[in-house]
Amino acid sequence: MPEACFLCLDSTEFMRNGDQFPSRFLGVQEAASLLSNAKIQMNAENTVGFLTLGGNACTVFETLTLDVERVMCSLANISIRGKRCHFSQGLQIASLALSHRTNPRAEKRIVAFIGTPLSETDEELEKLARKLRKDDVAVDIVGICVEANVPRLSAFVEKLNKNGNSRFLNIPAGANLTDSLMSSSILLGADSGGGASEAQDAYQGFGVDPSNDPDLAMAIRMSLEEEQQRQAAAATIAASQSTAPVSAATRTDVPPPSAEPENLENMSEEEMLARALKMSLEEAQKAANTAVKSEEESSLHEAEKEPERQKPTEKSFQSAEEDELHENEEKSSGEKQPRNKK
């Protein structure tokens with residue numbers, strides 16, 4: 001299902017705090033870049049936009065777009081302004097922007113990064129939660145190093161949550177924002193559900209820790225998803241072909257795809273290496289067969305051209321012999337003519 005996602009980034013003076021390396025603000029910029037790129041790559045129809053919550057009022061930097069490079073450039077241009085975080089106003093503006101999405105089938109989602117003490121009252125937060133729930137807007141909130149916000153934001157997410165579509169992630173002081181986001185269901189999606197522990201288990205077979213190398217972990221996760229989709233499509237094609245009668249002339253030596261896609265997450269490291277080696281050998285064998293076939297075709301083509309090249313040579317030998325015979329006849333006739341005159 002495609003998704004329209006709007007990011008709300010805290011950009012107040014509180015974001016200069018160094019409890020995130022190198023600061024809360026730069027950590028949010030990096031996390032927003034990672035999240036935007038992941039959202040766009042998850043589905044070709046996904047769109048992303050973002051606004052900042054600092055200053056005298058919220059500032060919309062990008063409306064919903066498919067161009068992730070454009071979002072990255074705009075993220076690099078945001079700056080710290082003001083001391084008040086316009087949390088309620090920012091989420092309402094984001095909800096309004098999502099209502100104008102180009103694809104009406106796309107699910108609406110807001111992801112807010114908050115590192116400033118909230119100025120809204122509990123009544124205002126409850127009213128906002130009811131409004132967002134009524135508009136079918138899912139909200140993910142990342143609380144950054146402000147312990148006073150944790151119970152209020154957690155209660156806010158619980159009130160607007162509908163069928164588990166909204167999540168709250170708290171980043172305590174000293175924890176890395178990007179690493180925590182990488183292993184959370186906010187980035188991995190609703191199907192991951194188990195949080196960091198299940199995310200770690202998914203990468204154990206590759207010997208990768210998502211907290212140490214988030215980029216590699218993201219690449220592995222996307223490769224696993226693509227492989228599972230490919231196997232599911234192959235299984236569907238095989239099931240549809242099995243219902244139709246197959247003649248002997250159309251049979252090949254290629255084994256049909258497995259009826260069920262392999263569960264890559266449950267495979268051990270040895271099984272994954274063996275599977276990768278098998279796929280590499282199959283690709284190498286296919287390449288070798290193709291090379292041999294092309295070489296045989298070129299040899300056959302050269303053999304067909306060889307008689308045509310020899311024909312002009314044979315004709316030239318025949319013409320030379322005829323010319324020599326003709327010259328000998330002329331010489332003999334020239335010798336006979338003087339004898340007749342005598």
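Placed from the backbone N, Cα and C atoms, the Cβ positions cover glycine too.
Bear in mind that TrEMBL entries carry predicted annotations, made automatically and left uncurated.
Checking the ranges 103-135, 235-267 against TrEMBL, the region 'Disordered' annotation falls on 235-267.
When pLDDT values are averaged over the domain 'VWFA' (7-114), the model yields 92. DSSP states for the domain 'VWFA' (7-114), grouped as helix (H, G, I), strand (E, B) and coil, give 44 helix, 24 strand, 40 coil.
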